[in-house]
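Reading through the structure tokens given below for one structure.
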Amino acid sequence: MAFRTLDGVDARGKRVLVRADLNVPMHDGVITDDTRLQRVAPTIRELVDKGARVVVFSHFDRPKGQVVPAMSLRPIALKLGQILGQPVGFVAECVGPTVEAAVGAMADGDIIVLENTRFHAGEEANDPEFAKALAQNGDIFVNDAFSAAHRAHASTEGVARDLPSFAGRLMQAELSALSAALENPERPVGAIIGGSKISTKLDLIGNVIEKVDTLFITGAMANTFLAAEGMNVGKSLQEAEMHETARKIAHLAQEKGCEIVLPVDAVVAREFKANVPTETCLIGEVPDDAMILDAGPRTVELIRDRLDTLKTLVWNGPLGAFEIAPFDKATVEVAQYAAQLTEEGKLKTIAGGGDTVSALRHAGVANEMTYVSTAGGAFLEWLEGKILPGIEVLRSAGHDLGLE
């Protein structure tokens, strides 16, 4: 994938607009997870070291084009300064004369954060005038928000049409990891795709089948495939209306030479609550009044054996209802084994999606995978094979501006 990075960029004295993703989880005004801030810090530090005047901007939450004080980026700018170890200014606007004055007063190496771009309706509408108003405060645009790349908004796509545009280091790392996962992977390559519904991951499964050698279907989604094969899944969550689709997917996988691996046993319970009585049974022997809530030990063993044969693993979705013990066991055991193989240099592991990242953190191995994407929606749309506007414009804008 051809896009320009910060390598060799002369940023000294230049106003560099950095589109970060500062949309961090907050509770009662306190940031509960600063991962996204930690991830964007290397790009900002590099630009500061190069003598740039760094102007950071981002969306936060969904204010729907209105000014909502509780959704201000002010507390996030403060936290970013603590992470970077230097003062970070804050401007209570993202366009207009106040911003122009603040940017005009910056010295080389200074950093400011602008107010939430979504306080303006022009952001989500990708209004060209709003994009121009953002762009006029920069000489260079650096997009370091892969997690917002699936949205064609003014701050992700519009600005890139008006300024020389580059991928930041986090964007570069995400794109390199994703390319290694599915575009040019070391084979054999496998994917763990979990979640509750086939209907929400149809495009994803269809795209992945074309690219992987082994597809592990896990979580409640597997129940639909099992039921479509005539297995009794008791009272388990499943989509009866998707049985024919599941059979078509299985047939397509066979045509493409992709092996689908389904659970062979399960941990079941009568209630979906913490620490309720459970039993383990083979698939096909699930009691009528029970629900499948986790993969069983034989399934874990089967997946571990298959992981031994792979060079690359893409992971999206847990193996069971991992949020509640003891239904986290299969997810934790497979995650820890994948991490062990990664540490031994035998497997490249690329994981993403909100539940997946939470599950890997729960298993204590989020930092031991080759790459864990914080992107959520953008990661899923990339897995679906969709064009991401924020990436596409980085490729085309350089050409438009004669900067290839």
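Backbone N, Cα and C define each Cβ position, glycine as well.
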Ask   = Among Glu241, Glu244, Glu323, Glu392, which is the one Swiss-Prot gives for the ATP site where Lys201, Gly353, Gly354, Asp355, Thr356 also bind?
value = Glu323
Ask   = In Swiss-Prot, Asp21, Leu22, Asn23, Arg36, His59, Phe60, Asp61, Arg62, Arg151 are given as binding substrate, so which of Arg4, Arg118, Arg169, Arg187 is in that site too?
value = Arg118
Inquiry  = Name the residue among the binding-site residues Gly353, Gly354 whose Cβ has the smallest number of other Cβ atoms within 10 Å.
reply    = Gly354
Inquiry  = Using DSSP and collapsing to three states, where does Gly353 (ATP binding site) fall: helix, strand or coil?
reply    = coil
Query = Cα of Glu323 (ATP binding site) to Cα of Asp61 (substrate binding site): how many Å, rounded?
reply = 24
Ask   = Roughly how many angstrom lie between the C-alpha atoms of Gly353 (ATP binding site) and Asn23 (substrate binding site)?
value = 15
Task = For Asp61 (substrate binding site), name the DSSP secondary structure in the helix/strand/coil scheme.
result = coil
